[in-house]
């Protein structure tokens with residue numbers, strides 16, 4: 001007879017009990033298999049005693065044996081007496097989620113599967129491809145280089161073609177063998193021709209000395225049209241090609257086009273002035289416009305060359321040095337007098353006209369011919385002709401009119417020259433100064449005293465050199481404008 005067992009202990013059965021257990025197992029095999037459930041073992045220490053099959057009954061954990069809900073070993077075939085429970089039998093079939101990420105701290109004692117084949121997720125590790133994967137063998141992704149797309153495609157096509165060939169050979173036998181033989185011979189002959197032609201690559205036009213390089217022809221759908229009526233798409237493509245031909249090649253216009261005669265764009269005619277292929281062969285307006293622009297540019301270049309030619313040997317009449325041969329490149333400038341054609345460098349003539357040892361009538365006159373000049377115009381080139389000098393003076397005045405007068409100071413100060421000042425008199429809001437009306441009796445009262453007062457004011461400013469910038473220091477002398485009042 002079976003003895004009643006206390007909870008948490010193992011039941012020992014007799015022969016009749018074993019027969020009853022076998023009958024129960026047979027009934028369970030015939031009945032539908034239920035969904036397996038996991039029953040937590042009893043938390044009591046030493047949950048069972050050793051069974052007849054060698055189980056040590058250390059119990060309490062899932063690795064102590066196969067227990068049912070009452071804590072008794074079912075004595076099934078799964079129990080081998082080594083302490084492996086049915087809970088471990090199904091957990092070992094589940095991959096450990098922490099092992100997938102390489103962070104399982106249980107190691108070999110983990111109840112779940114640590115199979116490498118289950119861990120791989122089928123995705124190649126991008127850090128392994130870069131050579132910087134910190135997980136190493138513990139990484140859950142594959143550490144292998146994937147096949148290239150071309151190789152994979154070729155492998156797939158080869159497999160499909162081999163399968164198709166095997167199936168066709170099994171079904172098609174007879175007259176097709178002779179036909180396939182003829183086709184194979186023709187393919188072999190064509191392949192031999194291609195190989196023979198490829199051996200002659202050393203004689204290509206690219207390697208022949210003295211021959212112009214012509215790039216490969218750009219593939220076009222209209223080069224080999226299908227026989228038959230021309231479709232609408234083909235006509236549109238031909239029209240587009242014609243319109244493209246009307247455009248000049250930008251690479252040929254500035255140098256050399258690598259496509260040469262095979263370029264889809266139009267290569268223009270050579271211009272005699274600039275030496276570039278920029279003249280459209282069919283656009284007369286474009287040709288005339290470009291030629292006119294080249295002529296204007298050529299005239300400017302010639303004027304520049306002539307100006308340098310007549311300026312390079314000019315000697316200053318004060319320091320007796322060639323202006324273009326001075327040690328300081330900033331001193332390669334001329335001080336051109338408005339009413340005189342004598343040559344002076346800008347530094348010397350400014351020093352002469354700012355001297356205080358002589359009267360203003362003497363210092364404002366030419367050191368050689370004593371002709372009084374109202375202006376000293378800085379210039380990088382020597383100008384002697386009257387018309388050219390007038391143009392230079394006009395440009396000089398226009399340049400000065402764009403600079404604000406430091407004496408007017410946007411309305412906060414007072415400029416002694418008034419409307420005769422070359423500099424700009426403008427308020428902060430953008431308004432220009434309106435000329436002031438002279439009061440009756442003020443213009444004729446002792447004008448000499450007023451002139452002397454202004455002269456002393458500007459001579460003091462000239463000596464203090466208020467212009468800090470070198471460019472502004474050589475542009476204009478305010479003291480010279482007294483002669484215009």
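Using N, Cα and C of the backbone, Cβ positions are placed for all residues, glycine too.
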Query - zinc finger range according to Swiss-Prot, out of 124-146, 147-169 - result: 124-146
**Report entry** Per Swiss-Prot record, range annotated region 'Makorin-type Cys-His' [choices 271-298, 299-326, 327-354]
**Finding:** 271-298
Requested in this report: Please figure out which one of 124-146, 316-370, 399-428 racks up the most CB pairs under 8 Å against the zinc finger (90-117).
Outcome: 124-146
